[in-house]
Amino acid sequence: MCLLNTHHMVIPSPTLISSENVSRYSRMLWDSFFQFCGCCILGFGIYFLIHNNFSLFPSLTLGNAFVIVGSIIMVVAFLGCMGSIKENKCLLMSFFFLLLIILLAEVTMAILLFVYDQKLNNYVSTSLTESIQQYHSNNSTKAAWDSIQSFLQCCGVNGTSDWGNDPPASCPSNPQVQGCYAQAKLWFHSNFLHIGIITICVCVIQVLGMSFALTLNCQIDKTSQALGL
């Protein structure tokens, strides 16, 4: 008759296993959603690059921006998703630190925008003025200006005079129409609350993602200790 020695056998708590599964599956659903968002943004970026590289600034196009942002989201979400599925602490901590770096970069960028507000305004105004000269030679610049002027009901950077004697058809016929730079600032200030709410939501989502990663990482440690690994 054989006797089983169960003195050193440790059975993990059902509560621990349940909470770990909930956290892991929540993490996977969270990352799957971000993977989908990243794919959509990347797809839009590729579409703009192929069909119409929409841009008002020579150094930055809408297609390039979408491709960069979409690629970053997909890589970060992939690390989090694989870390959750494989219960890999290295991938989870990589996901955590990447989100932390992105969050710090966003905060730093916001601070710089406030500190160098005047220099940024001058740069934007100069870039818009230079892009006017490419209106007839660059299809993407033409499409961008036509869309902006139609949407904001504005004309030129500071007014109709920016186009000389030949303003485009997208300029409103009102002789008192304002420039797009002033209209864009007015639109931003009138929608500042909505922009602020969206920004805060994005930051909260990032913090929740970091919390999920740390929680699952701690639960992996607890499970390993309970199993005596």
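Counting begins at 1 with the first residue displayed.
Just so you know, glycine gets a Cβ as well, placed from its N, Cα and C.
The disulfide bond annotation in TrEMBL covers CYS155-CYS171. Applying an 8 A CB threshold to same-chain residues 6+ apart, the list for CYS155 (disulfide bond) reads GLN149, ASP162, TRP163, PRO167, CYS171, PRO172, VAL177, GLN178, GLY179, CYS180.
Marked as transmembrane segment by TrEMBL: 33-50 (among others).
Per TrEMBL, transmembrane segment is recorded for 56-79 (among others).
Under the heading transmembrane segment, TrEMBL lists 91-116 (among others).
According to TrEMBL, the transmembrane segment annotation covers 192-216 (among others).
Note on the transmembrane segment (33-50): residues 61-74, 76-78, 80-81, 209 of its chain, located 6 or more positions outside it, place their CB under 8 angstroms from a CB of the stretch. All chains included, 21 other C-beta atoms sit within 10 angstroms of the C-beta of CYS171 (disulfide bond).
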